[in-house]
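Annotated features in TrEMBL:
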- 1-33: region 'Disordered' (REGION)
- 8-72: domain 'Fatty acid desaturase N-terminal' (DOMAIN)
- 61-83: transmembrane segment (TRANSMEM)
- 89-110: transmembrane segment (TRANSMEM)
- 91-351: domain 'Fatty acid desaturase' (DOMAIN)
- 237-256: transmembrane segment (TRANSMEM)
Amino acid sequence: MGAGGRMTEKEREKQEQLARATGGAAMQRSPVEKPPFTVGQIKKAIPPHCFERSVLKSFSYVVLDLAIAAALLYFALGIIPALPSPLHYAAWPLYWIAQGCVCTGVWVIAHECGHHAFSDYSLLDDIVGLVLHSSLMVPYFSWKYSHRRHHSNTGSLERDEVFVPKKKEAMPWYTPYVYNNPVGRLVHIVVQLTLGWPLYLATNASGRPYPRFACHYDPYGPIYNDRERAQIFISDAGVMAVSFGLYKLAATFGFWWLVRVYGVPLLIVNAWLVLITYLQHTHPALPHYDSSEWDWLRGALATMDRDYGILNRVFHNITDTHVAHHLFSTMPHYHAMEATKAIKPILGEYYQIDPTPVAKATWREARECIYVEPENRNGIFWYNNKF
């Protein structure tokens, strides 16, 4: 530990191959010493064109995603009803899964707008992000500002915004009975994937504690400052406009029609974004820091790249380039793979990737990453599951 950039790329590839062969079990903990490199040195290793944002290229991804989503919608409305009964019932789940994955890619592009990584024009980024996120029932500006604070405070036990782990003494009494048996753990995962996103938006569930009730829809809530409140109203208006449109569709075609066509894919989108975020920031190899130890660079490096197979491309590589994203969040997603390859030799042991299959990783993290506690050094916390 602490070797930083001294590990060669070949050595790093061997470690990743070993992790693949053992399902990720061989992965070492991330170093917690102050890195022997700076953000400036990392940036110099990345080709300059990786930081260039192209309106045409960014819009090409929007158009492609929306074209695929439209084709899937045509499949649902024009082809599935004409299929014979057995195929009819099998085709709907295929539509739900495919549409949910494609719309997750749309969600990621809107997320990129919130980081000003879509174009060189902030207003254009916000217009595109507002339209895309509102269509997926996300309050764009509300999430943009809380997510920005997550990037500013990643890995901090006091100030991070999402999936902030609790210390052992803060866990409720029933925790061992939920997490230490397979049934309770499965229920926890299902609830997290189905209700986690709406609960986070509505009640700040899994987020940092605030002195009073925090809600992403409340312009006067403690999450936002006075300069941001007007835009929170705009976010709410966007979600309300889409909600009214959905109400009119339900009134015209029926509630269950809307559930089949829009509701179930949206549930899949919500499940993916919760799972992606959870796995990026929850892993036995990742530290968390209190205010006595935390600094921005070590916090940004307390992030895990994951391999989702073919879905990496569907999700615009937010899954397997998340370390680079936390270091340079205004970089467009279509340069992130090249940037990740460039920074690996600099980061060395500070770069973390786990190729464990997603389902296996989710079950493992839910079992092993229950609370955090310090070990050899106060101020640096690691996940544990012992009660």
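Each residue, glycine too, has its Cβ placed from N, Cα and C.
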Worksheet item: Do you know the mean pLDDT across the domain 'Fatty acid desaturase' (91-351)?
Response: 96
Worksheet item: Taking residues 6+ outside the transmembrane segment (61-83), which of them lie with a CB under 8 Å of any CB in it?
Response: 91-92, 95, 98-99, 102-103, 105-106, 109, 128, 132, 260-261, 316, 333-334
